[in-house]
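Annotated features in TrEMBL:
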type    : residues           : note
BINDING : C29, C32, C48, C51 : Zn(2+) binding site
DOMAIN  : 25-281             : domain 'CoA carboxyltransferase N-terminal'
ZN_FING : 29-51              : zinc finger
Amino acid sequence: MSWFTRKDKGIQTPTEFKREAPDGLWYQCPSCKKALHTREHRLFAFTCSSCNYHEKIGSQEYFELLFDQSRYTELDPMLSSGDPLNFTDTKKYTDRVVATEHKTGLKDAVRAAYGDMNGMPITIAAMDFSFIGGSMGSVVGEKISRAIDHSLKTGTPFLMISRSGGARMMEAGFSLMQMAKTSARLALLAEAKIPYISLLTDPTTGGVTASFAMLGDFNIAEPGALIGFAGPRVIKETIGKDLPKGFQSADFVLDHGFLDFIVDRKDMKDKLSALLGMLKN
Ligand SMILES: [Zn+2]
């Protein structure tokens, strides 16, 4: 076995060459720790084939999953945030926005688009948690409102995919106004008898839960999503009692009548199409 032993001494292999697989080829499920091939993970709509954990994904992935041939037209893609309050916390709000834009390649915490889903025209707005915690500022409210306007104008159903930590603190009162603004627009949609489906994903909290996310003709959720207004610690301190098991999980919220049903992401496109098909008749 002389060919198997290294004849020259002192040959060092840098760590980066020791890896058998390049970065990004494998995904480890944070819930059951199973390693999945990223291609397999994508094929399963970013859910774990072993425990069905739904990985948090962004607007890009939802658009690709739901629109036919991943083809869609984005609405107001360049709309970006101002700084109405000249706000500074650990850094200036304007600097935070610019830094987040560079890091994520996004302009704000929501993107809206229209296209076909199983041959049916639809308008979809999807939130991105990677942009300042999916927080709702003026741009989020404005883009959602304009997406609803597009639904109204074209008579196409509206799907809102929420994933948010709530209001954007750096816009304070302006952020809260988005709750009223989006809710009023949705009322126009209801008046025009155009279906609105709200999909709540992990997590949907704060002002988003307290406005458009709970106003759907159907409010549906992904399995395991955390859905609530205030966090469990705040509620526990307020009521001075221990909270029940599974509090604020999608199953718990469904059992207490706040959701219509829970949909596995792998079935999302077909379930939504079937539901909208029924509403059309
Ligand atoms: Zn898993």
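All residue numbers here begin at 1 and follow the chain in the order shown.
Including glycine, each Cβ sits where the backbone N, Cα and C put it.
Here the features listed in TrEMBL are placed on the structure.
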residue	record	Cβ within 10 Å
C29	Zn(2+) binding site	18
C32	Zn(2+) binding site	11
C48	Zn(2+) binding site	20
C51	Zn(2+) binding site	12
Cβ-centroid neighbourhood (8 Å) of the Zn(2+) site, C29, C32, C48, C51 excluded: P30, S31, K33, K34, S49, S50, N52, Y53
Secondary structure at C32 (Zn(2+) binding site), reduced by DSSP to three states: coil
